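Sharing the record's features from Swiss-Prot:
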- K426, E466, D467, L468, D479, K553, D633: ATP binding site (BINDING)
- K481, 502-508, 529-536, K636: substrate binding site (BINDING)
- 44-58: compositional bias 'Gly residues' (COMPBIAS)
- 61-76: compositional bias 'Basic and acidic residues' (COMPBIAS)
- 107-116: compositional bias 'Basic and acidic residues' (COMPBIAS)
- 173-196: compositional bias 'Basic and acidic residues' (COMPBIAS)
- 220-236: compositional bias 'Basic and acidic residues' (COMPBIAS)
- S160: phosphoserine (MOD_RES)
- T330: phosphothreonine (MOD_RES)
- S398: phosphoserine (MOD_RES)
- 26-128: region 'Disordered' (REGION)
- 151-300: region 'Disordered' (REGION)
- 328-380: region 'Disordered' (REGION)
- 504-512: region 'Calmodulin-binding' (REGION)
- 318-326: motif 'Nuclear export signal' (MOTIF)
Amino acid sequence: MRRCPCRGSLSEAEAGALPAEARMGLEALRGGRRRQPGLQRPGPGAGGPTGRPEGGGPRAWIEESSLHSEAERTDLEPAPCPNGPQAESCGDGHAECEAAGLVVASEKPRQNKELDGSNLQTHPRRNSPLVEMEMAGSWTDGFRTDLHRSDLQSRPKRASLCTQPGFDESWTELDRSDMWQTLPERDNKPRVDNLRTHHGVSKLQTHPVCLSPESSADNSGKELSADASRTPHDTDGFWIESQTDDSLKGPSTQTACRQPGSDGFSSKDTESALTQPGTDGLRDDSVLGESNGNDPLDLSEPGELVTNLCSHLECSSLCPVPRLIITPETPEPEAQPVGPQSRIEGGTGGFSSASSFDESEDDLVAGGGGTSDPEDRAGSKPWKKLKTVLKYSPFVVSFHKHYYPWVQLSGHAGNFQAGEDGRILKRFCQCEQRSLELLMGDPLRPFVPAYYGMVQRDGQAFNQMEDLLADFEGPSIMDCKMGSRTYLEEELVKARERPKPRKDMYEKMVAVDPGAPTPEEHAQGAITKPRYMQWRETLSSTSTLGFRIEGIKKADGTCNTNFKKTQALEQVTKVLEDFVNGDLGILRKYVARLEDLRETLENSPFFKTHEVVGSSLLFVHDHTGLAKVWMIDFGKTVALPDHQMLSHRLPWTEGNREDGYLWGLDNLICLLQGLAQS
């Protein structure tokens, strides 16, 4: 075999030992480029046709760029050689060996001494016609193409050759000259910490180059938003920088990058035109791969050519992301998906307590079917509107709510389901249906949820009502049970006639006060529902103030329903003050709304002729200053006998049907007024 041309020329005797076919091929390829005896090829700093002037003149292959494509030039150009003192002579002899088919590229390319395992070296580009031609963006032979093979053998390239030794190894680079010489190396070259790699494929791929239009004071251009994550979209191939974290969300075949010094961003696509940076337009290039999004990309100086290779191996697992359709018509458009808007579990919550005769207002749940333990559900579901905003300059794309399981502060699990178009579905109760239908024509209409009739879903009937939280952003919610009693007189009569002890009521009583049940109830291990409800009201502010706080959920997601023993005036005042975080503006709005409600109740024909038991006031406010109060839960609101009317302020005795609603409302307004004035 013939020795490597880097080690010198062969003697005539050694050359004669080669096969005739090799000699013929060697002579044919040498052509007119063979050097005269005694003459040496000029070095990188020398002038001449094969050398390069000191000032950085054009390279020898500039004239061929308009005649041959990249794939065609690979047969005429030398294979890369390692750095060393023989680099110049190797460039000539190695090309001859490769042309004769006698040299095969190594499967493991030699690592450049000036590279560490994670850096991609960049070379300065002189002020030459080549640079001007490349910056002009109109190449006669189109984009550069590289033939990636999985075996990494026989891969001649014009500029650089990057191979992947293995999945866990660093990428190496063989950077050599395009024709007969090596580019001058610099001692203090900035490294590209953000190493980018390509997966090798067995077909031609288009590899673009990114030109940095300007640099910073330390001669290094940097990509913007280096800490932003890049999110791939399945088939559209766009990268969206949400600027929220440092994670990389999976591979893609195209990358959107922002060029320094431009107001717009550069979205790279293989069929898009070039727009020069420094304008508000979009700069489009062609690229394959993606960035790891952890470190900025450093360039050594203006006008330098950088080939960015992206690694698919350092990516985190793919996460499902909605597909976006982005249109650069306006600086910050807001796109909304087609379909009805509603609520989601993490967004808003329900406003109901028990609302049927066989339900207890003490059956507390959270999360639309979760546990009744306050500790289990405290802070588990934040009360804020679900609004995912993905920002990528100059666009703002937001996604609003679709469907959500209803979240309750109190009441039985499964009472609510998500509706459509800003509505909710509450389990059907004929008493509540009749009350809501009458309230739609009563002066109380602005203080109750709108009613849209009965609907069927999955074989069950539901009352369809307005979602009262639709206009709030991250609301804080409080449920106050109004009145001096929360049970109907009919329930007492029924319990006497057909007592039905319940084990669950006994367990609830013992959980609050183990000494509350009588010895007989302890022995039986069960109590009736009216017995439990009467006992419960003696513990809370229902018996002392005419209302009690059922539950509170703050904007930060914390939930508290442990108000069973909140009875003293000072305790209730403290809870109310904490609910509004001492915001006097919110307090004044609540007071004004409650005063309007009281005036309307006193003039309402419906209210005068109905026993309102177990109903609640729903308090809602948010960070924007919006604050409202509504009457909810009419499952135990029943009509009075003919010609009977209630004052709603007198104490209750069995038979007078007084509920103490206005008595409790008067006390609540007085407490809030005191807080607002203090």
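Placed from the backbone N, Cα and C atoms, the Cβ positions cover glycine too.
Since the structure is predicted, the reported quantities are computational estimates derived from the model, not experimental observations.
Context for these features, please: burial, neighbours, distances.
Packing around D467 (ATP binding site) is summarised by its Cβ count: 23 other Cβ atoms lie within 10 angstroms of its Cβ, all protein chains included.
Other C-beta atoms found within 10 angstroms of the C-beta of E507 (substrate binding site) number 12, with every protein chain shown included. Mapped onto three states, the DSSP output places E507 (substrate binding site) in helix.
Note on the region 'Calmodulin-binding' (504-512): mean pLDDT across this stretch is 94.
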Compute the C-alpha separation of D467 (ATP binding site) from K481 (substrate binding site), stating it in Å without decimals.
19
Hey, what's the Cβ neighbour count for D504 (substrate binding site) at 10 Å?
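D504 (substrate binding site): 15 neighbouring Cβ atoms within 10 Å.
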Determine, using Cα-Cα distances only, which of these binding-site residues is closest to P530 (substrate binding site): K426, D479, K553.
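If we rank K426, D479, K553 by Cα distance to P530 (substrate binding site), first place goes to D479.
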Test of understanding: give the count of other CB atoms lying within 10 angstroms of the CB of M533 (substrate binding site).
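I get 21 for this one.
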DSSP three-state call for P530 (substrate binding site): helix, strand or coil?
helix
Taking 10 A as the limit, how many CB atoms besides its own sit near the CB of P530 (substrate binding site)?
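A count of 19.
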Spatially, which candidate from the binding-site residues K481, D504, E507, M533 is nearest to K553 (ATP binding site), comparing Cα atoms?
K481
